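One structure is given here, and the rest of the page talks about it.
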Amino acid sequence: MTDTQTALPRADIAASARTRRRWNPRSLLSKRESPVVLALLLLVLFTYLANPRFLAPQGLKDLMLNATIMMIMAAGQALIISTRSVDLSVGSALGLTAFLTGTLFATYPSIPIIVVFLAGIAMGAGLGAINGLLVTTARVPAMVITLGTLYVFRGVNSWWAGSTQYFAGDRPDAFGNLSVSLLVGIPIITIIAIIVIAVVTLFQRYSRSGRDLYAIGSDPDAAIVYGIPVGRRVFTAFVTNGALVGLAGVLYASRFNSVGAVTGTGLELQVVAAAVVGGVAIVGGVGTAAGAAIGALLLTTITGALTSVGVDKFWQQAVVGGLILASILIDRLATLRRARNLRKATS
Amino acid sequence: MTDTLTPVAAPPALSATRGAISRTLASRPALMTYILLVLLILASTMVPRFAQPRTATFLLLDVVATLLMAMPMTLVMITGDIDLSVASVAGLSSAVMGVLFTGGMPFGGVVLICLLVGLACGLFNGLFTAYVGLPALAVTIGTLALFRGLALVVIGDNAVSNFPPAASAYATGSFGATGIPLVMLPVGLIIVAFAVVLHMTPFGRTLFAMGHSMEAARFVGVNTKRARLLTLMSSGLVSALAGVFWTLRYSSARSDNATGLELVVIAAVVLGGVSVFGGKGSIWGSVCGVLIIGVINYALRLNRIPEVVLVTITGLLLIISVVAPSVVASWSAWRHRRRRAREIDSTITTAGALSA
């Protein structure tokens, strides 16, 4: 992998950071996120050329609204996957927090919106903490634990919701307007998402505990030997991801008309796919929240793009599958080339 | 995180046979068998209408698709890979079956082509995983979407349901009064075949070796790439067969058949003792895992307990099944340490007594 992503001693990280200050145009091309950004730009460009209405204000707005929730979840998942774990319970956790949002507004109609946001985020973080505790204390693979909590959370959700559904009418207009009103041409929930994703990406890149996550994902044993509190860091990653999913759940209730027992079912693998497309390697140690979010944007955009250029709707999912495969293939080829160049440089 | 192999106290030196028998009786598959038996007894005594032939029919018919997919999944996961595309392969095979049969092809030919489609799907997964060197999790998330997408391309919104009555009757019929479905005969043969391959052939042993260490397996001369390709191909083939069965059982070929079944299969297999890191697992354990979930679901549904509880119990079982062994392991490690400490203490005192 790239030199900045692997677990280097602190001094080396500082040194490489210093050399990185000299801006090198080639470094832009070799970033892990470059292929997905390029693919997104090309997709938007060609779709626009084929059908200019694709980028009309309304089309653009729909594009952003559809991607927002996936983008937040993919950013959270990037944190988890970069530590060589995975969180499959996110779809169920989103369902729970979305239903909590609906319940809060239905029971206390005058509740301040900010309180609902905090409650959703807190609940998400709590669910993440359950996953994190099980994963770090029982020392069993995250994939199995979160597969278990996927079912448990979903069960709790259906027990809680029963056949109850809350509709947009049960919620105050101001809350629904978050996904209708625009600020500088961008829906407010998308702005929230972009800010959150930027913060998470900066945390990953510059904070000590953020760097530790990459070290853990690159080589868990080495991370332990190096003295990184692996359990605490992984736990924090799960809580943070849970909080982000909680936020996504609240925004889901703002964006979509109804929330009920099955809200968010089956989202988990789409979220993982988005992260993978965005350059987050499933084996851990690399990738950024921003990349994962762009991956989510690409995956949601492609459906709209195919529709607006008149591709048969039945082909859309196959194209999405092909795209996921292409992106991991490109990533593999890039890794191989990088390894070859490194070998050439050292010999 | 990745290390679940906590040190376990070495078993005390018993005579070889007694050791082997007690090991078998305390092994994970045996434990799963006890749980399954206890569940069956509990359900038969406590749940009205459970202890009758109809239960066998419906319970088994409900789990056949999961059971079939669980067999190759066990092999795939023992080598350290995973196949998330199984349900999509079943969906694709179901869609192909519908379209070809409506196109007027004879039924036998249709089934054959479905199986070949499944084999091709497995080949695709296997080539990307073993020969291109991509992680199976990433590849099969991609093909999960791709194969389901192709199913949509093939059949679109349509549903086909006019399959030959004989075939549908075979898929839903049972052996007279016993209530055991007719399809359990071929399914049983497939289970036995997978058990023989995994537990009684050199090939099966190499799968375990690969799960423990791919590198070490390669160094001792195992053709790891071919083995991974073969296990993933078997997964495609059997999943396509499960898709054919699903189509006949619900007499409907649709693109969304068996959606989401991949996680159920993985949950059952992990419950049966397969490690997601590879190297551990058994066919019998996986069969028990599938049946345990099947029995619980069926018994609770007879009691009119809503889906809610079923889902929660499946999840809790899965969590307990992985957390419990690690709790047991750390407890026995602690006991081992304590015994060692006591032994050292007593050696020191005896040594002290001798020298005095």
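Including glycine, each Cβ sits where the backbone N, Cα and C put it.
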* Asked: What range among B:89-108, B:169-188, B:229-248 does TrEMBL describe as transmembrane segment?
  -> B:229-248
* By Cβ distance under 8 Å, which residues at least 6 away from the ends of the transmembrane segment (B:134-155) in the same chain are close to it? -> 76, 81-85, 87-89, 91-92, 94-96, 98-99, 121, 124-125, 128, 228, 232, 253-256, 259, 262
* **Segment-segment contact (the transmembrane segment (B:308-334); the transmembrane segment (B:31-51)) at 3 or more Cβ pairs under 8 Å** => no
* Go through the chain and flag residues at least 6 beyond the ends of the transmembrane segment (B:58-78) whose CB is under 8 A from any CB in it; none is fine as an answer. => 86-87, 90, 136, 172, 180-181, 183-184, 187, 190-191, 194, 197-198, 207-208, 210-211, 231-232, 234-235, 237-239, 241-243, 245-246, 249, 258, 261-262, 264-266, 268-270, 272, 274-276, 278-283, 285-287, 289-291, 293-295, 297-298
* Structure fact -> If one takes Cβ-Cβ under 8 Å and requires six or more residues beyond its ends, the residues near the transmembrane segment (B:284-302) are 28-29, 32-33, 35-36, 39-40, 43, 47-50, 55, 58-60, 62-63, 66-67, 70-71, 73-74, 191, 195, 264, 267-274, 309-310, 313-314, 317
* Using a Cβ cut-off of under 8 Å, list the residues of the same chain at least 6 residues beyond the transmembrane segment (B:31-51) that approach it. => 271-273, 284-285, 288-289, 291-292, 295-296, 298-299, 302-303
